[in-house]
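According to TrEMBL:
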- Glu203: active site, proton donor (ACT_SITE)
- Asp46, Glu84, Glu138: substrate binding site (BINDING)
- 11-210: domain 'Thiaminase-2/PQQC' (DOMAIN)
Amino acid sequence: MAERFTEQLRQASEPHWSQAVTHRFVGELHAGRVAPEVMGRYLIQDYRFLDSFLRLLGAAIATADRLEPRLRLGRFAGVVAGEENTYFLRAFAALGVDERSREGMPDAASTAGFKALMEEAAETRCYAAILSVLCVAEWLYLDWAMRAPASLPEDFVQAEWITLHDNPAFRDLVATLRGELDRVGPEQAALCHDFFRRAVGLEKRFFDDAYAD
Ligand SMILES: Cc1ncc(C[n+]2csc(CCO)c2C)c(N)n1
């Protein structure tokens, strides 16, 4: 098996990986045709796990065994806590989603599942397990975003959701996460496979849930 460890993980997560990156939501997003209520529901749910995500990222920063990835992950934490947060607030304003309607919507099953998985991974204090979940959350998003046609939707809510997940800094981040998981994962292969596979299944269900009311 000459393939990179992360490529083995990705292949083992099929068919869910392919189902996620070619999901109806992705096709509609690329065409700029996601219905506003679907986009609103999706972003409300997505914003819910920003907190757990930052805790997971913090756990990666704390457990990395080298300074270089710690610095890279630290810079990324700054982006997530800054620009990414601003996007959500601008998108909610454009979609007419106010705080009360956000608060009134319960967590979808996939949202609750993600929060639990991120916290479980963070609590292992195992860099390889933590990276497995982070790698899915970033790499799977880069994969679908890179499939977008050259002409982006006019609607900034949809266009920026694509460019947030496909830009030079984000590609570099995914390269770091994959490189780190390739390096430290093989020693704990079974643990990595378990977290990676569960995360990919949740990514697919998360898209499904945007259409379920
Ligand atoms: C369901 C779901 N899965 C993955 C991502 C991707 N993602 C999660 S946090 C983060 C960091 C900021 O860019 C990114 C890219 C998402 N947004 N929603």
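All residue numbers here begin at 1 and follow the chain in the order shown.
Cβ from N, Cα, C; glycine included.
Bear in mind that TrEMBL entries carry predicted annotations, made automatically and left uncurated.
Shown here: features listed in TrEMBL, placed on the structure.
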residue : record                    : DSSP (3 states)
Asp46   : substrate binding site    : helix
Glu84   : substrate binding site    : helix
Glu138  : substrate binding site    : helix
Glu203  : active site, proton donor : helix
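The least crowded of the recorded positions Asp46, Glu84, Glu138, Glu203, judged by other CB atoms within 10 A of its own CB, is Glu84.
Averaged over the domain 'Thiaminase-2/PQQC' (11-210), the predicted model reaches a pLDDT of 96. Here the CA atom of Glu203 (active site, proton donor) lies 19 Å from the CA atom of Glu84 (substrate binding site). Separating the Cα atoms of Glu138 (substrate binding site) and Glu203 (active site, proton donor) is a whole-number distance of 11 Å. Glu203 (active site, proton donor) sits 11 Å from Asp46 (substrate binding site), taking the CA atoms of both as reference points. Residues Asp46, Glu84, Glu138 are the ones the record ties to substrate, and the longest Cα gap between any two of them is 13 Å.
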